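Novice: Summarising the annotation, TrEMBL assigns transmembrane segment to 12-28, 34-53, 60-76, 82-99, 106-131, 143-167, 174-195, 201-219, 231-251, 271-292.
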Amino acid sequence: MQGISLRHSKAITPIIGIMLLGVAYTLSPQSAMYYYLTIAQLVFVPILLEQILNLRYMDRIVIVVGQVAVLLLTFYSQEAWWLAGIYFIVTCYIAWLGIRRFMARGFVAIEECCIDIGIIYLAMGGAWFFAYQAKINTGFSELITWLTAIHFHYSAFLLVITVGLFGRMYKGKCYFPIAFIIVTGPLVVAMGITFSRWIEIIGASFYVLALFMWFFLLFNTPIPKIIRWPFRIAIGAICFTIIWSLLYAFSNFTGSGLVTIPDMLQFHGRINCYVFGMSIVLTWILYMPVAYASPSFPISNLTGKNTPYQEKYHALVDDMSLFVTRKQVAPKVLRFYEDTMSYQLYARVKWAVWFRPLAIVFHLISKYMAQLHLPITKDEVKMDGQIHMIDPKIDGREKPRVWQRSINGAIVFRAVYATHHSDRTYMNIALPLPFSCMHGILRIDAHQHGLYLTSRGSGDAGTYLSTRFGVMKLPLHEDFKLFEREGNLYATHDMTVFGIHFLHIDYRIEDGLSLI
């Protein structure tokens, strides 16, 4: 973990923001209540962006442009709505940085996904700010539109990023439900305000529950002493003001007028800005938890469908003892990988009913990709194959070889096999795609004298997509079982997406073909 993290090189945009805020506060005729949002735009947002993102020079220039636009708006207000348009474009650019951050990592580490979503939320704050300045009819009063812009800067951007940073320190079972409610809360409450007071009441109630659970956890989670009280004060302030929000939602539902918008502005706005905002920014200036470290393993450089083949080869793996103890696995099962071209495959593909419409569409696309072109029919089909070596200098991994499988002459798979070792030896399978490459990193275990290959588990195992943005982990998992029954080889291949099963393949494997 890191100590004080706001280094001089990372303080450029916050310092500029503080200077611009001073100019606005000294010279601008803007009403005091409008500074609730201005402080976030000029100071709070840039500080967190500097702490979380590896900003480039151009990124900082864009942020400063947004800061200058906000400053000028404090003088010209709604007469220069186009300045709000510039700020909105800047928030969209920042949201793209959040998307790019996600694409470099993928569906892994819930806490980092929360941070990504918080960054993306900023664009919604920018949109509502633009709607207010441009007097766009949103269906709400101008004041509600402005308060919604504040909502997405504080409750969406600052708070959602904070729940992500907390997740770097706390790994307990309570984290996911708390994070899920807080991350989705801004949208649920906004939907409730727009469509249904019942949704607003229920959403706000769960939101309050999650915040108080989080506040309780802060007193039972080991966190660095230097941020203990600023962090507790920040979340305590949110808990205090969220009760006010709940009372406001109740007032809307009953029409009692118990809490009005002016009340929300004076009480809720001040505490969120001056207590929550300042305390939480101070927290992450003093201490920044270490981010999730993505697995590091060899990645194939191949993309597209032009795979540079070399000489023919006979095996997917030269020595299976790299993965398993040989005596635990039937010899015929091992031989399939060490002498693959001596076998003939027959496959029966079964798509899940819910996925079949998507499979039909993808079948049309995959034909031109010459990749993942599985049949739609449930009938058994003969699957021919060839194995060729590939130049390691081109692929980027050791001893890569491509196994090209086809049905009636149409290419179904082009899988480039290699291995790598970290905590254990993994099968590293690359499937070149347009402008990218999918990687199945499989762990292999002996199972009832057969083999069990899976992308599940700890370590490097998983399904990844490598692009120019980085290596993104996908919510895909595959399980492959190879076994011998009555002297014959069989295999099953199952795939899930977000834990939902969508594909099953049965393989019948015949022995007796000539080598190559």
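The backbone N, Cα and C atoms fix where each Cβ goes, glycine too.
Just so you know, TrEMBL annotations never went through curation; they're auto-generated.
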Novice: Are there three or more C-beta pairs under 8 angstroms joining the transmembrane segment (106-131) and the transmembrane segment (174-195), sequence spacing 6 or more?
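Specialist: Output yes: the transmembrane segment (174-195) sits against the transmembrane segment (106-131).
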Novice: At a threshold of under 8 Å on Cβ distances, which of 82-99, 143-167, 231-251 pairs most often with the transmembrane segment (106-131)?
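Specialist: Of the candidates 82-99, 143-167, 231-251, 143-167 scores highest.
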Novice: Considering pairs 6 or more residues apart, do the transmembrane segment (271-292) and the transmembrane segment (143-167) have at least three CB pairs under 8 Å?
Specialist: yes
Novice: Can you find at least 3 Cβ pairs under 8 Å between the transmembrane segment (34-53) and the transmembrane segment (143-167), where each pair is 6 or more residues apart in sequence?
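Specialist: They are in contact.
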